[in-house]
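Worksheet: one structure, shown below.
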Amino acid sequence: MGAQPGEPQNTCSRIQTLFRRVKTLLIKAPPPPQPPPPPPSWNPGCTHVYGYAFGHMHDNNLEHLPSQQVLDTGEQLMVPVEVLEVDNKEALWKFLLSGAMAGAVSRTGTAPLDRAKVYMQVYSSKTNFTNLLGGLQSMVQEGGFRSLWRGNGINVLKIAPEYAIKFSVFEQCKNYFCGIQGSPPFQERLLAGSLAVAISQTLINPMEVLKTRLTLRRTGQYKGLLDCARQILQREGTRALYRGYLPNMLGIIPYACTDLAVYEMLQCFWVKSGRDMGDPSGLVSLSSVTLSTTCGQMASYPLTLVRTRMQAQDTVEGSNPTMRGVLQRILAQQGWLGLYRGMTPTLLKVLPAGGISYVVYEAMKKTLGI
């Protein structure tokens, strides 16, 4: 049978009608469902990079959060992001003063543990084992109760240059990497932080040597800081002020890597726990940074012990020490456990040092009106 004359036209009109109906349905149809939101991101208020405490990242900018803090574990003084982002000079000095005061009070409060750590690192051995209580008793018997704070004066004194150098060097590195505005990416923040720590440790290494000698001094050995420096220069020369520099620099690597790895692990744990990511408490931030810093200290502790032994070598044996020689001597006489002498007071002082510095820093900010 042939097609009817009007059939092609009817077919075209039907197709056009069908398209119009489909178009109408598409316009009236509800929008497609949105993809599920990404998992909540870590926001502890303090993204931590070796030597610094950063505010969390949001759209490549650093947000100022109330939980940002200074943290002094007795080994590393963290610089909070609010100090790094301040433009007003008056406010900047207030932040720096708050951080310096927090570090001074923290180190003074934990000075007996710090001296016990150095004492055990230098004098404890298999044949002359010294535990924490025994070390404290020996120090009190030799010099009285006040002797527990020997070396604390210079330990507090070096806070100001250490803090200022870290701040200044990081600012220069940040401006070099990404200009005056914006925040550098993670890798460049890590590099900037490590450079600042390395430079600050280079400049204050003589103060570290003086601190070790003054901490270990016997009653009447030195009249004070200047007399200690004079005797070292006269008997051992200027090179003695940089003893322990190499293990100190090498210790940055395991410290920083372990510190960041543990912090990232805590970050993942916090995200997977499904808790409120928007506003964790200051205690969570403080605990995370303290734990990661403690693990970093444990990873670099053998190098820290070698550094201390090299700095105190004149006090112990009167020879010119090398890193290799000190390490071989420790392993031969005490074994691998000898590389962790003094770890107990080191761990015991982390939590009180961090807590004291946090409380004092916040109190100083309120007092100074910032």
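Glycine too: its Cβ is placed from the backbone N, Cα and C atoms.
If you look up Swiss-Prot, you'll see 90-176 marked as repeat 'Solcar 1'.
Swiss-Prot lists 184-269 with the feature repeat 'Solcar 2', giving sequence analysis as the kind of evidence. The repeat 'Solcar 2' (184-269) scores a mean pLDDT of 86 in the predicted structure.
The repeat 'Solcar 3' annotation in Swiss-Prot covers 280-367.
Summarising the annotation, Swiss-Prot assigns transmembrane segment to 96-113 (among others) and lists sequence analysis as the type of evidence. Same-chain residues lying 6+ beyond the ends of the transmembrane segment (96-113) with a Cβ under 8 Å from its Cβ atoms: 70, 72, 74, 77, 79-80, 83, 136, 148-149, 151-152, 155-156, 159-160, 163-164, 167, 345-346, 348-349, 352-354, 356-358, 360-361, 364-365, 368, 370.
Residues or ranges marked as transmembrane segment by Swiss-Prot: 151-170 (among others).
What Swiss-Prot lists as transmembrane segment is 194-207 (among others), and the listing cites sequence analysis.
Annotation source Swiss-Prot lists transmembrane segment at 245-263 (among others), citing sequence analysis.
The feature transmembrane segment is assigned by Swiss-Prot to 282-306 (among others), with sequence analysis given as support.
Annotation comment: Swiss-Prot describes 342-361 (among others) as transmembrane segment.
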Ranking 151-170, 194-207, 282-306 by Cβ pairs under 8 Å to the transmembrane segment (245-263), which is first? 282-306
Which sequence positions outside the transmembrane segment (151-170), separated from its termini by at least 6 residues, show Cβ-Cβ distances below 8 Å to it? 51-52, 77, 79, 83-84, 96, 99-100, 103-104, 107-108, 111, 114-115, 118, 192-193, 195-197, 199-200, 203-204, 207-208, 210-212, 214-217, 225
